[in-house]
Amino acid sequence: MEFGDGVSFAVVPTVFKREDYKRTKHDTVFSKWQVLIGSNDWEDFKNGKDGVGRYRVQNLPRKSCPGLYELGVAVIGQEQCRKLEPDIVLASYLGQAESVRSRLQRYGRSGAHLRNVNNLNDCETIESPVKAVTGGLFEDIFSKGGSILYRWAPMGSKREAEATEGMLLSTFDYAWNKGSNGERRQLDLLKKLGDREFMSKRKSGISRMLFPFLRNQVGIRIKGEKHVLKEERKLTCDVDEEKSNNFLTSILKLTRSRPQPVSDRFDEVDGSCSDIVCGVLLEDGGCCIRSPVKGRKRCIEHKGQRVCRVSPEKQTPPKSEIFTGQDHHNHKDSDVVCGVILPDMEPCNKRPVPGRKRCEDHKGMRINAFLFLLNQTDREKTVKDEKPDPESHTESIEEEALTRFCEATTKNGLPCTRSSPKGSKRCWQHKEKTSSDTSPVYFQPEAAKNVACGVKLGNGLICERSPVKGRKRCEEHKGMRIT
């Protein structure tokens, strides 16, 4: 600038020391401060402490994109671990990278180019690897109990990040940046980090916390990709919300699993008092109708037991499952019986095993299991022995039609049990066969009333031994088929 006497003066732009200002005009573009390396992370990792890494991977940016980043130092107390205030952070370095996430990872693993600098000896780069370990920038901060923090601002491209970095370096003097700012100021940074009076002045007053426009902001305004930071915050909030929901869910599960008070009293109720009963199946086939203990499903006698079968109505035992062609007046309808049709065409009236439908002799059998073991002669005789009721002639005709069988011999030697259509002796599959084809092959006439094993022997005869109870074959031929 020239004046009247021809004397010119150079206008030197104002350069602010970055660590002296906690609020800047470019704060709106940057993210919040995050811990990159704790004060003891490297030492704990070197000693093999469980669950400790060299740096905080969980605090890195979730997306990899070009941008600016600032490194800062701070002494973090236990009460400040969860929420970091910018008042305690001294910004010390500004950089740019094609991938900010990858650059921060290199800082966390080894300190990158900032670790190989001995700042206590004229800030010169050290060639010896032994001295580099003991005299780096990060180690000096760790010795004072400080931690390394970062914040970043995403940019559209690397060229845009380089241009913005040059603008900020011409406005601020970062203690760790070297070049246009001159030499690194590590000693100055360490002195301010340990100065309690200096750090106390940085804390915001109540008036500035309530009225942000009163805060002293310096520097220049820059542009950045703010939508990337919004997506980052959204992902972080979703993760935090999921963690809090899982924590609340675990608390609710814990409260629900607390034991309920149990009373030793129980009352016997009848069918009209209450619909809630114990329901455990008793040995006599009935169900326990006592009122359960308060807060439980069973009475005091059956606590902890499972229900094999519960009656749908109280004091009403299950209906009997009987397959029979005639009435049985010697049993009540409500009695539970086995119901398997015996060879003499009478149902088994034994009481079933508790929890099952059949008695001990016929367990696992179907109702008409013995019907397949009868030959043609036995079945004809049993059908003829059934005399129809003269008073209900129409019903007897229908029953006779239902009990008419095809009687053709199948490939395995057993008679066909399909019902033949009205006016025909054979079913639809065996209507071409004659009566000679349906003659029994493996039963002797004199053993018509007895159920035999029926397996063909080597000499051409048929085994006529009585089968084992509940099976089709004798003890010697059990599991064999008729060929």
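The backbone N, Cα and C atoms fix where each Cβ goes, and this holds for glycine too.
Marked as compositional bias 'Basic and acidic residues' by Swiss-Prot: 380-396.
Annotation comment: Swiss-Prot describes 64-112 as domain 'GIY-YIG', evidence class a curator's inference.
The region 'Disordered' annotation in Swiss-Prot covers 380-399.
With DSSP states grouped into helix (H, G, I), strand (E, B) and coil, the repeat 'Cx9Cx9RCx2HK' (278-303) comes out at 0 helix, 3 strand, 23 coil. The annotation repeat 'Cx9Cx9RCx2HK' is assigned in Swiss-Prot to 278-303 (among others) on the grounds of a curator's inference.
Within the model, the repeat 'Cx9Cx9RCx2HK' (338-363) carries an average pLDDT of 85. What Swiss-Prot lists as repeat 'Cx9Cx9RCx2HK' is 338-363 (among others), and the listing cites a curator's inference.
The feature repeat 'Cx9Cx9RCx2HK' is assigned by Swiss-Prot to 406-431 (among others).
Residues or ranges marked as repeat 'Cx9Cx9RCx2HK' in Swiss-Prot: 453-478 (among others).
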Query: By DSSP, what is the split of the repeat 'Cx9Cx9RCx2HK' (406-431) into helix, strand and coil residues?
result: 0 helix, 3 strand, 23 coil
